[in-house]
Amino acid sequence: MSGSDPTEASFEALSHRLDENSRAKNGKDDDGFVFEEKRAPSQTTGDDEEYPDAPTEEEKMTLRRVAGPINIASFLIGFIELAERFSYYGSTQVFTNFIQQPLPEGSTTGSSHAGQTSGALGMGQQASTGLTTFNQFWVYTMPLFGAYIADTYLGRFNTIAWAILICLIGHVLLVVSALPSVIAHPNSAIGVFAVAIIIMGVGTGFFKSNISPLIAEQVASHRLYVKTLKSGERVLVDPAATTARMYNWFYLLINVGALAGQLGMVYAEKRVGFWLAFTLPTVVFALTPIVLFLGKNKYNRTPPAGSSLGKAFRILNINFKRAGFSPKAWKRSDFWEAALPSQFATAEKPAWMTWDDTFVWEVRRGFKACQVFLWLPLYWLCYNQINNNLTSQAAVLNTHGLPNDVLANLDPFALIILIPIFDLGVYPALRRAGINFSPVKKMFAGFIFASLSMVCATAVQAHIYATSACGTHAATCDAMPFIPTNVWIQTPSYVLLALSEIFASITSLEYAYTKAPKSMRSMVMAVGLFMTAISAALGEAFLALSADPLLTVNYAVFAGLSFVGGVVFFIVFRPLDREESHLNELAAGAADATRARLQHEKGA
């Protein structure tokens with residue numbers, strides 16, 4: 001190997017040893033792939049002396065698992081999220097009318113009387129659809145950058161603090177764009193509005209990727225332990241169940257904020273004007289920095305870990321160099337072993353390989369979580385119908401005087417009712433019955449319920465076409481602007497979507513937190529959020545179906561995509577169910593093991 005890099009030589013030697021070990025320990029097929037998968041060491045191994053209440057292997061198999069308590073710090077963070085969602089959804093709820101509709105006759109603020117639609121800039125549907133779609137894509141792309149800054153430089157708490165400041169600037173500009181003196185000059189107003197949503201998008205994205213991991217970090221114990229209840233029953237307190245419970249209540253607070261913001265601002269827009277519809281969210285959002293800093297000393301905060309993301313991709317590159325870049329290589333059971341420092345003799349290990357073995361297994365777990373998220377855009381395609389087509393469908397049903405965009409609030413309203421039922425009733429009952437309703441199974445159920453929601457929407461749309469005097473052109477029918485059928489016929493679609501959120505959306509937050517390396521939790525969360533941006537882009541491909549006479553096809557296609565996507569998702573990721581408990585017990589590794597050891601020795 002004359003003239004070769006000594007590092008490459010050491011990798012080739014390591015590769016040979018790993019291949020020999022794999023052949024010795026595991027049966028292989030003709031392609032050289034291992035039948036049996038090795039597992040990383042668990043954090044609970046050997047902890048009995050340090051933790052007297054640690055469960056035995058038998059207790060892990062036999063004791064009922066329960067969730068632990070939720071502390072006050074979690075509720076403070078939950079309130080911050082409630083206020084942020086109130087401000088975000090309250091503002092965005094009126095974006096369409098603000099951009100699309102002209103000022104009502106006699107109004108300077110955009111307010112309207114009975115029979116009128118509120119409006120301000122009068123730029124038409126294409127402009128409003130373009131700007132609101134851009135806003136959704138922008139808001140769900142920015143978490144990637146916010147996560148990198150938090151994980152690498154500032155930490156989650158400090159990044160959230162800066163995000164709040166950025167959002168406040170955006171909110172103030174949003175109010176300015178809606179002042180009567182500015183609305184009078186639409187070109188100026190749209191310029192200020194565009195700058196406002198760009199700034200708000202940066203702040204919102206930085207906020208979203210970090211607030212969810214921050215609340216999960218407030219779980220008091222991240223290990224399994226045995227507890228005796230007052231009844232005398234011995235149970236296993238499971239941090240995964242605690243995290244799931246925390247995210248259920250976190251999502252409940254999200255929807256309380258969203259429901260209050262959406263309902264309130266629709267009427268503020270109509271009765272007073274857009275300046276009030278943008279001012280009230282700004283005032284509520286101004287409470288968030290106060291609560292954030294009041295609880296500063298109560299929060300568990302993880303410091304930034306430096307360039308963990310770069311190390312993670314370096315680990316991936318090392319493994320691909322040895323195993324190859326084919327999809328089959330990714331499935332090799334020994335794929336991740338090339339980057340394990342323990343595989344190197346001290347003299348062979350490169351100086352830049354500062355991580356420990358456990359960090360490699362954590363990175364593996366994080367990449368597996370990101371693979372799961374890649375399927376979520378098919379789910380979000382169904383959910384996104386709330387923002388457009390289901391609202392349009394309501395317009396051709398008999399609303400009995402209700403604004404057609406109010407019906408979308410059935411979704412958060414249903415969630416507020418259903419989340420406590422599942423957290424306090426359904427999930428504990430399943431655990432008592434010994435049924436393992438794992439995250440993969442929950443997300444599969446989310447896909448199926450989303451599909452059923454679209455089946456209901458398809459049936460309603462077919463009924464509209466069958467009933468309307470204009471047949472398959474009901475949306476533009478002057479002879480019959482709406483059919484006699486009550487708008488509440490849409491209720492099953494919204495309730496089924498709410499159920500799907502409990503299983504798919506909430507669980508994806510939980511999964512992102514529990515599977516990400518500790519030093520990369522914000523980034524893995526951001527990847528999950530970015531799937532919403534991908535779904536918004538995919539939705540543009542189906543735009544041609546979002547009009548008469550193809551609306552039944554539109555809903556049916558999304559129903560089929562979600563169903564097929566859910567089935568394939570379950571088949572592909574079902575093996576992760578067997579690893580679920582073990583993956584959750586994996587100890588936190590160190591991206592810089594040398595620095596971590598020195599810090600430990602200094603503190604000893």
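Placement of Cβ uses the backbone N, Cα and C atoms for every residue, glycine included.
Predicted automatically and left uncurated, TrEMBL annotations should be read as such.
Positions annotated as compositional bias 'Basic and acidic residues' by TrEMBL: 14-40.
Positions annotated as compositional bias 'Acidic residues' by TrEMBL: 46-56.
Among the features that TrEMBL reports, region 'Disordered' is placed at 1-58.
Per TrEMBL, transmembrane segment is recorded for 137-154 (among others).
Taken from TrEMBL, the feature transmembrane segment covers 161-183 (among others).
Panel annotation: around the transmembrane segment (189-207), residues 84, 88, 91, 98-99, 120-121, 123, 131, 134-135, 138-146, 149-150, 159-160, 162-171, 173-174, 176-178, 182-183, 529 of the same chain, lying at least six beyond its termini, place a Cβ under 8 Å from a Cβ of the stretch. Here TrEMBL flags 189-207 (among others) as transmembrane segment.
Under the heading transmembrane segment, TrEMBL lists 249-268 (among others). Same-chain residues lying 6 or more positions outside the transmembrane segment (249-268) and placing a CB less than 8 Å from one of its CB atoms are 70, 74, 78-79, 81-91, 93-94, 212, 215, 276-277, 280-281, 284, 403, 405-406, 408-409, 411-413, 415-416, 419-420, 423, 501-502, 505-506, 509.
The annotation transmembrane segment is assigned in TrEMBL to 274-294 (among others).
Long-range Cβ contacts of the transmembrane segment (406-430) within its own chain (Cβ-Cβ under 8 Å, at least 6 residues beyond either end) map to 66, 241, 244-245, 248-249, 251-252, 255-256, 258-259, 262-263, 266, 386-387, 390-391, 394, 399, 437, 487, 490-491, 494-495, 497-499, 501-502, 506. The transmembrane segment feature in TrEMBL is assigned to 406-430 (among others).
Same-chain residues lying 6 or more positions outside the transmembrane segment (442-464) and placing a CB less than 8 Å from one of its CB atoms are 372, 378-379, 382-383, 385, 389-390, 393, 396-397, 474, 483, 485, 489-490, 492-494, 496-497, 499-505, 507-508, 511, 551-552, 555-556, 558-560, 562-563, 565-567, 569-570. Taken from TrEMBL, the feature transmembrane segment covers 442-464 (among others).
Annotated transmembrane segment per TrEMBL: 525-547 (among others), in sequence order. If you look at the transmembrane segment (525-547), the same-chain residues 6 or more away from its ends with a CB under 8 A from one of its CBs are 133, 136-137, 139-141, 143-144, 146-147, 205, 208-210, 212-213, 369-370, 373-374, 376-381, 384, 388-389, 475, 508-509, 511-513, 516, 553-554, 557-558.
Per TrEMBL, the feature transmembrane segment maps to 553-573 (among others).
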